[in-house]
Amino acid sequence: MPSLRRLLPFLAAGSAALASQDTFQGKCTGFADKINLPNVRVNFVNYVPGGTNLSLPDNPTSCGTTSQVVSEDVCRIAMAVATSNSSEITLEAWLPQNYTGRFLSTGNGGLSGCIQYYDLAYTSGLGFATVGANSGHNGTSGEPFYHHPEVLEDFVHRSVHTGVVVGKQLTKLFYEEGFKKSYYLGCSTGGRQGFKSVQKYPNDFDGVVAGAPAFNMINLMSWSAHFYSITGPVGSDTYLSPDLWNITHKEILRQCDGIDGAEDGIIEDPSLCSPVLEAIICKPGQNTTECLTGKQAHTVREIFSPLYGVNGTLLYPRMQPGSEVMASSIMYNGQPFQYSADWYRYVVYENPNWDATKFSVRDAAVALKQNPFNLQTWDADISSFRKAGGKVLTYHGLMDQLISSENSKLYYARVAETMNVPPEELDEFYRFFQISGMAHCSGGDGAYGIGNQLVTYNDANPENNVLMAMVQWVEKGIAPETIRGAKFTNGTGSAVEYTRKHCRYPRRNVYKGPGNYTDENAWQCV
C-alpha cells in the first residue's frame, strides 16, 4: 500500500482541480447578475460540464441540430441583442474553463439563421471564448427577409459585428485578463461574413479564417439559379441522371487526373482541366444509359462555362471539373436551387410566387443593381485591414459542389490588382490555399481534414490545423507555407489513411515521386 506521504501530492492536485471546477461553476452561475450591456437581454446562463451531450430544444427544426456534445467545461450564455427597433439577433457565448486568452466568432451558412453549435463546441474546446449568432432570423429559408430590410441587414453584416462587440465585452467581464487576440472562423456564408469583416470592420479581428467564401454573393445566387435553365427538369433531353454524371466524372478523371503526375482520383488543379466529352457521346445503336447524347454533352459543356451578363461581362466563373458527382444531387437535380429561388422571391422581386424556372441573365442584372447593404462583399481594397495588422487566410475545396473555387482565385487577383501588390507582398497579410479533394467546407475524396471544423479535426498542431496555423501566424509571426490535410479511411473521425500538404496559391501540387501518391513528401509545390 502506498504511503500517505506519496499520495498527498496527487490528493492535493485532485482537490485543486475540483476547487477550480467549483470556482468556475460558481462564477458562471452568478454571472447573469453582472451582465448589464446596452440592447442585451439575457435569456439564461448555464454551466455545462465537459462531456455533456447538450440538448437544443429551441433550435429550429430546419437547422438540423437537436444536440451537441461539449468537450470542455463552459459557461453558456444565451441572449437576444437588439440591432434596431424592429430586429434582433439570437446570440450565444461559450466561455471555457480552459481559456487561452483568445476570443473567436463563428459564422453561418447559406441563407440560414442557424447558430452553428458544432463550431461553438469545437472552438471553445480549443480554449477560445466563442460567440455565435443566428444572423438575425431563425431557420434556413430566405422568407424572413421579405419586406424586412432590418433583418436582411443583420444577415449581410450586422449580426457578426454585433456579436463581436457584445462577445468581447462579455469576455472582458468574465475573465480578469480579458483577451489578447481575436479570431474568426467560418465557411461558405461564414467565409463571406469573414471577408465582410475584413472589408467593413477591419479592427474586429486579428486573424480571419474564411473558407469557401460566398462573396460575389449576388452573382453566386444567379449562377446557382441558372443551372436549371441548362439541365431542364428531370426527364428532359438535356437532363443527366446521377448515373450519367458518374460516367461523365470517370471520363473527366481519365482526361485530367494525371495532369498533376499521379492518377489518384484527385484533380490537384482543375483550372488545367478542360474536358472534351465527344469520347462519351453515344454511338449509333448504343444504350443511352451508358453514354451521353449530343444534347447532354452540351449540358455538361454549359455547366463548365462561366456565367456572363446581358452585356457580356463576367458575372461568375465556371464550376470546376471534378465536383460533378456531388453537385449532381444539388445543383443539377432538375429543380431550381432553393436558396436562389428564395433570394429572388423574397428580396429581389418581393413576390413569393415568382417562378424560379423562368430565371434568365436579365434577372441577374436586376439583382446585381440592387445589391442590398452591399451583400456582394466584393470590395477588393482591404488596405485598412492590412494597416490594422490583420491576417486573413482563406481556403477553398477543389471539389466544392456549391461554390466554384475559381471565384476565390478571381477575388485574390482582384485584391492584387486593386491594391497593386504582387503575391509575395500579399503573403504578408493574405494567404489562399486550394484544398484538393475537399468538397464544400468538408468531405470529399481527398485529404480534406484541415481542422477548419469539428468534423475535419485531426489534431491541434498548426501544421495540421488551419485555425491554429492562423493563431501561430498572428501570435508568433510564423505564416503557413502549406496546410496539411488528412484523408480519412472511412469518413470523418476514422483513422488517417494518408496526408497531403496543400500549397499556398499561386503554387500548385505536382507529384514528383519517388514514393506512392499517399506519401506527402512525393508532392512538390511549384
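Glycine residues also receive a Cβ, built from the backbone N, Cα and C atoms like all the rest.
Counting only residues at least six positions away in the same chain, the Cβ atoms of V45, N46, Y47, C75, L95 sit under 8 Å from the Cβ of C28 (disulfide bond). Sequence annotations record features per position, and here Swiss-Prot assigns disulfide bond to C28-C75 (among others) based on similarity to another entry.
What Swiss-Prot lists as N-linked glycosylation site is N53 (among others). DSSP assigns N53 (N-linked glycosylation site) to a strand in the three-state reduction. Around N53 (N-linked glycosylation site), the C-beta neighbours below 8 angstroms that are at least 6 residues distant in the chain are S67, Q68, V69, V70.
The disulfide bond annotation in Swiss-Prot covers C63-C114 (among others) and rests on similarity to another entry. In the three-state DSSP reading, C114 (disulfide bond) counts as coil. Sequence-distant contacts of C114 (disulfide bond), defined as residues of its own chain at least six apart whose C-beta falls under 8 angstroms from its C-beta, comprise N59, P60, S62, C63, G64, T65, N108, N134, N138, G139, T140.
N85 (N-linked glycosylation site) has a Cβ environment of 7 other Cβ atoms inside 10 Å. Secondary structure at N85 (N-linked glycosylation site), as computed by DSSP, is coil. Residues annotated as N-linked glycosylation site in Swiss-Prot: N85 (among others).
Per Swiss-Prot, N-linked glycosylation site is recorded for N98 (among others), and the stated evidence type is sequence analysis. Taking a C-beta cut-off of under 8 angstroms and a sequence separation of 6 or more, N98 (N-linked glycosylation site) has the following same-chain neighbours: E72, D73, G125, G127. In this structure, N98 (N-linked glycosylation site) belongs to neither helix nor strand by DSSP; it is coil.
According to Swiss-Prot, the N-linked glycosylation site annotation covers N138 (among others). For the recorded site, N138 (N-linked glycosylation site), the DSSP three-state label reads coil.
Shown in sequence order, G109, C187, S188, G211, A212, G397, N452, Q453 are the residues of the chain, 6+ apart in sequence, with a C-beta less than 8 angstroms from the C-beta of C441 (disulfide bond). What Swiss-Prot lists as disulfide bond is C187-C441 (among others), and the listing cites similarity to another entry.
Annotation source Swiss-Prot lists active site, acyl-ester intermediate at S188.
The C-beta environment of N246 (N-linked glycosylation site), restricted to residues of the same chain at least 6 apart in sequence and closer than 8 Å, consists of V325. Taken from Swiss-Prot, the feature N-linked glycosylation site covers N246 (among others), and the record attributes it to sequence analysis.
A helical conformation is recorded for C256 (disulfide bond) in the three-state DSSP classification. Cβ neighbour count for C256 (disulfide bond): 19 (other Cβ atoms within 10 Å of its Cβ, all protein chains included). Marked as disulfide bond by Swiss-Prot on the basis of similarity to another entry: C256-C273 (among others).
Around C282 (disulfide bond), the same-chain residues six or more apart in sequence whose CB sits under 8 Å from its CB are T288, E290, C291, L292, T293, listed in sequence order. Swiss-Prot lists C282-C291 (among others) with the feature disulfide bond, giving similarity to another entry as the kind of evidence.
Same-chain residues at least 6 positions away in sequence with a Cβ under 8 Å from that of N287 (N-linked glycosylation site) are not found in this chain. The N-linked glycosylation site annotation in Swiss-Prot covers N287 (among others).
What Swiss-Prot lists as N-linked glycosylation site is N311 (among others), and the listing cites sequence analysis. For the recorded site, N311 (N-linked glycosylation site), the DSSP three-state label reads coil.
What Swiss-Prot lists as active site, charge relay system is D400 (among others). The local packing around D400 (active site, charge relay system), expressed as other Cβ atoms within 10 Å of its Cβ over all shown chains, amounts to 28. Secondary structure at D400 (active site, charge relay system), taken from DSSP and collapsed to helix, strand or coil, is coil.
Long-range Cβ contacts of H440 (active site, charge relay system) within its own chain (separation 6+, distance under 8 Å): S188, A212, M326, G397, D400, Q401, L402, I403. Under DSSP, H440 (active site, charge relay system) is assigned to coil, being neither helix nor strand in the three-state scheme. Per Swiss-Prot, the feature active site, charge relay system maps to H440 (among others); the stated evidence is similarity to another entry.
Taken from Swiss-Prot, the feature N-linked glycosylation site applies to N490 (among others). Its Cβ placed at the centre, N490 (N-linked glycosylation site) has 8 other Cβ atoms within 10 Å.
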C273 (disulfide bond) versus N311 (N-linked glycosylation site) - Cα distance in angstrom: 27
Most Cβ neighbours inside 10 Å, all chains, among the recorded positions N138, S188, N311, N516: S188
C525 (disulfide bond) versus C273 (disulfide bond) - Cα distance in angstrom: 18
When distances run from the Cα of N490 (N-linked glycosylation site) to each of the recorded positions C256, C503, N516, C525, the nearest one: N516
Other C-beta atoms that fall within 10 angstroms of the C-beta of C503 (disulfide bond): 24
DSSP-derived structure type at C75 (disulfide bond), helix or strand or else coil: strand
Cβ neighbour count (within 10 Å, all chains shown) around C525 (disulfide bond): 15
Rounded inter-Cα distance in Å - C525 (disulfide bond), C256 (disulfide bond): 18
